[in-house]
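Here Swiss-Prot flags PRO2 as active site, schiff-base intermediate with DNA, drawing on sequence analysis. Taken from Swiss-Prot, the feature active site, proton donor applies to GLU3. Marked as active site, proton donor (in beta-elimination) by Swiss-Prot: LYS51. The zinc finger annotation in Swiss-Prot covers 216-250 and rests on sequence analysis. Annotation source Swiss-Prot lists Zn(2+) binding site at CYS225, CYS228, CYS245, CYS248.
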Amino acid sequence: MPEGDTVFHTAAALRAALEGKTLTRCDVRVPRYATVDLSGAVVDEVLSRGKHLFIRAGSASIHSHLKMEGAWRIGHTKVAPHRIRIVLETADTRAIGIDLGILEVLDRGTDMDAVAYLGPDLLGPDWEPRVAADNLAADPDRPLAQALLDQRVMAGVGNVYCNELCFVFGRLPTAPVGTLKDPLRVVQRARDMLWLNRSRWNRTTTGDTRNGRQLWVYGRAGEPCRRCGTLIQTDRGGERVTYWCPVCQTAS
């Protein structure tokens with residue numbers, strides 16, 4: 001599932017392509033919105049909120065969430081028609097939403113109601129680290145990975161950053177949140193990670209952008225830990241796959 005930084009720069013790409021332009025075509029391929037046609041409306045704002053995208057045009061707001069496989073593409077690209085959920089065109093460009101997990105057309109005045117449940121947005125103007133830290137610490141018995149992935153705690157952490165944060169703070173993904181010494185440091189580090197990667201596709205949490213050296217543990221099962229050399233372990237039995245170093249990460 002895309003992380004908050006991916007959605008942030010997807011929004012930036014859509015903003016550059018569509019903002020300030022008049023829609024000449026709007027084809028929403030969702031039965032509920034099949035009759036919606038925003039042709040003639042001007043796209044005047046594109047924004048992200050956590051992992052959610054909003055394209056505002058006229059009195060409407062197109063709300064999408066990429067979920068596991070979704071993407072937005074700019075320009076003419078070859079995609080199987082059955083995968084296309086929406087087509088937006090202007091006089092000089094085209095944006096298509098592919099395999100979007102959520103796609104709905106909302107009233108612009110109330111579109112933020114769809115994301116009112118989210119915690120502080122790691123890449124948003126409303127980022128409040130102390131609120132996020134309090135949210136994280138609210139249930140000390142909760143497994144750390146589960147809490148980090150809960151968008152009500154803070155919006156934008158996906159499975160990559162979840163696993164990387166667990167490693168950086170030396171805790172197993174299953175360790176209770178209450179074992180963290182300083183939840184504020186954890187949410188601040190989460191913010192730093194996403195902020196540094198918000199404008200690039202070559203994500204890194206190690207600070208090394210060279211191929212194969214960008215991440216600490218995620219996707220590295222069976223490879224040596226970058227700190228101690230122990231082989232990275234993985235568990236695919238849960239809802240989300242987890243990765244950890246059995247030496248550098250502990251339960252308490």
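Just so you know, glycine gets a Cβ as well, placed from its N, Cα and C.
Of the recorded residues, CYS228 (Zn(2+) binding site) and the residue listed as 'active site, schiff-base intermediate with DNA' place their C-alpha atoms 29 Å from one another. Calculated from their C-alpha atoms, the gap between CYS225 (Zn(2+) binding site) and the residue listed as 'active site, proton donor' amounts to 23 Å. The two recorded residues, the residue listed as 'active site, proton donor' and CYS248 (Zn(2+) binding site), show a Cα separation of 25 Å. For the pair CYS248 (Zn(2+) binding site) and the residue listed as 'active site, proton donor (in beta-elimination)', the Cα-Cα distance reads 30 Å.
Predicted-model confidence for the zinc finger (216-250) is 96, expressed as mean pLDDT.
With all protein chains in the displayed structure included, the most crowded Cβ environment within 10 Å among the recorded positions PRO2, LYS51, CYS228, CYS245, CYS248 is that of LYS51. Taking the mean position of the Cβ atoms of CYS225, CYS228, CYS245, CYS248 as the Zn(2+) site, the remaining residues of that chain whose Cβ falls within 8 Å of it are PHE167, ARG226, ARG227, GLY229, THR230, ILE232, PRO246, VAL247, GLN249.
Between the C-alpha atoms of the residue listed as 'active site, schiff-base intermediate with DNA' and CYS245 (Zn(2+) binding site), the distance comes to 24 Å.
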